[in-house]
Amino acid sequence: MSLIDEALSANATIANDYDSGLGGPPAPRIAIVTCADPRLSGIVRMLGLSDADVDMIRNVGSVIDDDSVRSLVISTRVLGTREIMIINHNDCGMLRFTDGELEDRLRRETGMSPIAPARFYSFTDTEQNTREQVQKVRSHPWISPDVPVRGFVYDLDTGRLSEVVPQEATLAGHSR
Ligand SMILES: [Zn+2]
């Protein structure tokens, strides 16, 4: 049996105990962009937040691309979240290849040149990459300046977050 079939079968039983109150209108207070890596799936609990407070936006590499921006604009403008956290992590799969290497591999394995996606957003420096993702959100005209945007690296070995200091603050010799 495939895992999907197992999940369907389990759902039929588990739903017997479903709390129908969970189907009410969402009212999240914070948007979190983080990696799709399964080791990040418990991040809400590690932050001491409740699931109901978090609008969770996940993709491989915690990347701020068009789609994350789309989600963040809706999250802050429609759902009413008032803060944004971007959480990257050590040992991210995006450190294990470059875009060029992956494209070469796909050409070899499929015999086709890639048309899309245009970028895979691999990176080599987790902290610097996180800083850039913060800047991308911060500079977007549809994300209100009133909404704080802060970046973090989550350590999978300790379960602790480290805040990534913005470049300007680093250069000025102080953090905010
Ligand atoms: Zn990752």
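Cβ atoms are placed via backbone N, Cα and C, with glycine included.
If you draw a 10 Å sphere around the CB of Cys92 (Zn(2+) binding site), it holds 22 other CB atoms from the protein chains shown. Under DSSP, Cys92 (Zn(2+) binding site) is assigned to coil, being neither helix nor strand in the three-state scheme. For Cys35, Asp37, His89, Cys92, the entry in TrEMBL reads Zn(2+) binding site.
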Note on Zn(2+): the CB centroid of Cys35, Asp37, His89, Cys92 has further same-chain residues inside 8 Å, namely Thr34, Ala36, Arg39, Leu40, Val60, Gly61, Ser62, Asn88, Asn90, Asp91, Gly93, Met94, Tyr154, Leu156
